[in-house]
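Participant: I grabbed these lines from Swiss-Prot:
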BINDING   H88, R92, R298, Y321, A351, H354, C356  heme binding site
BINDING   V241, G245  substrate binding site
Amino acid sequence: MTTTERPDLAWLDEVTMTQLERNPYEVYERLRAEAPLAFVPVLGSYVASTAEVCREVATSPDFEAVITPAGGRTFGHPAIIGVNGDIHADLRSMVEPALQPAEVDRWIDDLVRPIARRYLERFENDGHAELVAQYCEPVSVRSLGDLLGLQEVDSDKLREWFAKLNRSFTNAAVDENGEFANPEGFAEGDQAKAEIRAVVDPLIDKWIEHPDDSAISHWLHDGMPPGQTRDREYIYPTIYVYLLGAMQEPGHGMASTLVGLFSRPEQLEEVVDDPTLIPRAIAEGLRWTSPIWSATARISTKPVTIAGVDLPAGTPVMLSYGSANHDTGKYEAPSQYDLHRPPLPHLAFGAGNHACAGIYFANHVMRIALEELFEAIPNLERDTREGVEFWGWGFRGPTSLHVTWEV
């Protein structure tokens, strides 16, 4: 069956970016039921929405990575998430050594635990906090920022950068001609990149002459002939990828996990009483609200039929992993957070040879941060006077999380 035989999909013409940013689940629930692979006009792209189709496309030899148009406009080339072949192999060999489990285990506790404790000390005696801004995001960005070598950049600036890059990357709407519907929406991403370069260029100058153990210093030198370094223009797109995706994912993942646990008070109590359950709570939080919801894509390298749809060579497909993780064909009552759900694999970190390189690091940042939070404030409660609003289609998480506790 081809898309021309699906007149019932005319409703997709009315879907807007605002609708997807506010709540993509309604649209994607219908897509999963009616057309697991469908062309969505506002995105100018085919979209995969079920677990089966997302995994099939992500792992198929008939597809390779491609960056979305808005992502390419934001990051430039060669960004690690959108390249293939020798360039992808080189970039993965550049970033992966510092993220190997044996390497992460060597320093993760000493890196993250003092950061988490430092932020907790600022509010643990107040009896109230907004955890996204005061804890989850700062711990996430500070942990990665220090790993990269950006100790001189304060956490609020790192949060500002990833927010601006996020809005630029997800400025995905196109008009009937396939042109960006809101080209001015890339301006703040350009501003963030200019600020990033103003800070990082002098550091790169220093690291070229005086290498240290920071990640970006290793990116410059590792695997290169003596006396040579990778060109900064070659690594900047991947720096931007890290400053967006890798900066926000642990923060939004732990915030979503907390919101999920607050929806099941008895499960929150279990996790507080038994911290060994924290990794399981995080895995369910990532499935329940995937931080990287629909930000990656593939492109067909030959004519192929997927989910009954004939795709010519050169057809991009967006992979909506957040939708795949709500697939009723795989998960029972997927819109409900459930710590005791059978531990099935999820797609929050992607699949195939472009799966997230930082899975182990991100999981341990979240684990340590929640361990410290529950140890310091075991009687944490959501402040029900304040609502919880989730936002985002490419990247998704709670915009705020107000909590209270007795001091």
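Cβ atoms here come from the backbone N, Cα and C positions, even for glycine.
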Participant: Would you pick out, from the binding-site residues H88, R92, H354, the residue whose Cβ has the largest number of other Cβ atoms within 10 Å?
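Facilitator: The largest 10 Å Cβ neighbour count belongs to H354.
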Participant: Given a separation of at least six residues and a C-beta threshold under 8 Å, show me what packs close to V241 (substrate binding site) in the same chain.
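Facilitator: Within the chain, V241 (substrate binding site) has Cβ neighbours under 8 Å at F75, A79, I80, I81.
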Participant: Give the maximum pairwise CA distance in Å, whole number, for the residues H88, R92, R298, Y321, A351, H354, C356 listed as binding heme.
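Facilitator: It comes out at 21 Å between the most distant Cα atoms.
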Participant: Mind giving me a neighbour count for A351 (heme binding site)? Other Cβ atoms within 10 Å of its Cβ, every protein chain shown.
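Facilitator: Looking across every protein chain shown, the total is 20.
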Participant: What's the CA to CA span in angstrom from R92 (heme binding site) over to G245 (substrate binding site)?
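Facilitator: With the alpha carbons as reference points, the distance is 16 Å.
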Participant: Sorry to bug you, but what's the C-alpha spacing from C356 (heme binding site) to G245 (substrate binding site), rounded to the closest Å?
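Facilitator: Taking the Cα atoms only, G245 (substrate binding site) lies 10 Å from C356 (heme binding site).
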Participant: Specify the count of other C-beta atoms within 10 Å of the C-beta of G245 (substrate binding site).
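Facilitator: Cβ-Cβ neighbours of G245 (substrate binding site) within 10 Å number 24.
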Participant: Under a criterion of Cβ-Cβ distance under 8 Å and sequence separation of at least 6, what residues of the same chain contact R298 (heme binding site)?
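Facilitator: Residues satisfying the criterion: V57, A58, S60, F63, E64, A65, V66, P316, V317, L319.
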